[in-house]
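Read through the structure below, which is laid out as structure tokens, and then see the notes.
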Amino acid sequence: MPDFSDLLMPVAIAIIMLGIGLTLKFKDFARVFIKPKAILTGLACQLLLFPILAFIVIYFWPIAPVYKVGVILIASVPGGTASNLITHMLKGRVALSVSLTSFNSFAIIFTIPLFVSLALSVFLGKDTEIALNFIDTFREILLTVIIPVIIGILINEYTPKSFTDKLRGPSRYVLPLLLIVIVAYAMFSGDGGNAKLILKDWHLVFPLLVINFLGMLIGFFTSKAIGIKHDANFTIAIEVGLQNSALAIYIASHILRSDAMEVMAVLYGSFSFFTTLLIGFLLKKYSPDKKQPMKKINESFN
């Protein structure tokens, strides 16, 4: 019999993505692909620059090698539903965020085996084959991300505005609350084992905080240097800096079968949503678009 969380989490994620879809139109996605600079920059940051940065940082961090592999695993997984929700909450480029999540979720079939195998070799001296099932990954992304978003868009496009507004209004409060419930359930279900892990291994949070923070900075300033608009800058920062901890937990526990690596993913999942939301808010508020009039820039600091 499947665990309750096996049913709860996919349904909750699908509801969140449906709510996000209610804020989108198909033309939003058309803009992403007509001008692909933002999505290509985001993919380059998340699939290449961020894992390399994580390797450099964690190589010199004084923790056990198995924990270092856990950090690289986290840096290798894509952004998830949480990054889409934070982008929605901060009024960023939601279509860009969803597109990056979808593309990254397919690319991990190749990138996770590459980076995790390299980390195992460098830090533990092991040659371990990592395999992700393409069909299972595709089905999961289709059912929990793509289809719910499309349904939300169809409702937004083809139903009366008054009806859509009635759905969108409560969703601003329900979606964040739903995600908090999911996190709390993961932390305290059963005998509260995950919460006990955090209390026992709290010192391991520091390298994860650094990775979270630096990931957002590399996404933000890389896209800013290329000349991408401000709303896409902090959207990319959120997508690069916030990883799918649920997927990392699954790989650590079911494929690598490492409790130590699973601990790192649980620790990361316990704080990363809130730190990413805070940093994303600060990047949005205090790093305004240079193309804005000076008056607007001054107003944003008041």
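Quick reminder: no glycine exception, Cβ is built from N, Cα and C everywhere.
Taken from TrEMBL, the feature transmembrane segment applies to 7-26, 38-61, 67-86, 98-121, 141-159, 171-190, 202-222, 234-253, 265-283.
If one looks beyond the transmembrane segment (265-283) by at least 6 residues along the same chain, the residues whose Cβ comes under 8 Å of a Cβ in the stretch are 70, 73-74, 82-83, 86-87, 89-90, 92, 179, 183, 186-187, 194, 197-198, 201, 204-205, 208-209, 212-213, 216, 220, 233-234, 237-238, 241-243, 245-246, 248-249, 252. The highest tally of CB pairs under 8 A with the transmembrane segment (234-253), across 7-26, 38-61, 67-86, 98-121, 141-159, is held by 67-86. Counted over residue pairs 6 or more apart, the CB atoms of the transmembrane segment (202-222) and the transmembrane segment (98-121) come under 8 Å in fewer than three pairs, which marks the two as apart.
In terms of C-beta pairs under 8 Å, the stretch of 38-61, 67-86, 98-121, 141-159 lying closest in packing to the transmembrane segment (7-26) is 141-159. Long-range Cβ contacts of the transmembrane segment (67-86) within its own chain (Cβ-Cβ under 8 Å, at least 6 residues beyond either end) map to 13, 16-17, 20, 46, 50-51, 53-55, 58-59, 61, 94, 97-98, 100-101, 104-105, 107-108, 111-112, 115-116, 118-120, 123-124, 144-145, 175-176, 179, 204, 207-208, 211, 215, 238-240, 242-248, 251-252, 256, 258, 260-265, 268, 272-273, 276-277, 280.
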